[in-house]
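All remarks here apply to the structure that follows.
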Amino acid sequence: MGTIAKDPREDVIQAWYMDDSEEDQRLPHHREPKEFVSLDKLAVLGVLSWRLDADNYETDEELKKIREARGYSYMDFCEVCPEKLPNYEQKIKNFFEEHLHTDEEIRYCVAGSGYFDVRDRNESWIRVWVKKGGMIVLPAGIYHRFTLDSSNYIKAMRLFVGDPIWTPYNRPHDHLPARKEYVETFVQADGAGHAVNAAA
């Protein structure tokens, strides 16, 4: 049997099912035994991922192509660490409140690392560890949260279509059109793992 080539994205983005422990949110929170989640399974939930050259983001042609193809006209950077983020403790608490956005959340880690937790179709938490060079897109309407890992530092590029709106809607906000659309497209999908309305 030939070995399957490893997905290069897995060097910078890994995902696994979380345990139910209330311990420090910055710990990995693996289940016992560990249950890893493939990046293809994340894609079925609408979570897209890339591996990019974080040392050359200013001139990276691949990043440029993604931005053009997806219409990401706005860009800035966000550094999350005790020294750089005003009102750090409160902000970290807010980021870890389960919430959704009415637009995509695009984060490209250019330094450090952090955890983006997303819900699967059965409401279980999947922890997505994004390290330097990893870029993820969380679809509008997906319930999620963010925390630093034990290194306590991430520098992320934030991208957005048009003028940025960072409004978080803490759970429950199931009545929002973005949530309804997400559920129809990614949760109520057919058994083959394809969204019923993916092409719509």
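Note that Cβ sites are derived from N, Cα and C of the backbone, with glycine treated the same way.
Caution: TrEMBL annotation is automatic and unverified by curators.
Taken straight from TrEMBL:
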- His99, His101, Glu105, His144: Ni(2+) binding site (BINDING)
- His99, His101, Glu105, His144: Fe(2+) binding site (BINDING)
> Going along the chain, which residues six or more apart from Glu105 (Ni(2+) binding site) have their CB under 8 A from its CB?
Replying inline: Val137, Leu138, His144
> Which chain neighbours of the Fe(2+) site, leaving out His99, His101, Glu105, His144, have a Cβ atom within 8 Å of the mean position of the site's Cβ atoms?
Replying inline: Leu100, Leu138, Ile142, Tyr143, Arg145, Pro168
> Where's the emptiest Cβ shell within 10 Å among the binding-site residues His99, His144?
Replying inline: His99
>> Below 8 Å Cβ to Cβ and six or more residues apart, same chain only. Which residues does that give for His101 (Ni(2+) binding site)?
In response: Leu138, Ala140, Gly141, Ile165, Trp166, Thr167, Pro168, Tyr169, Ala178
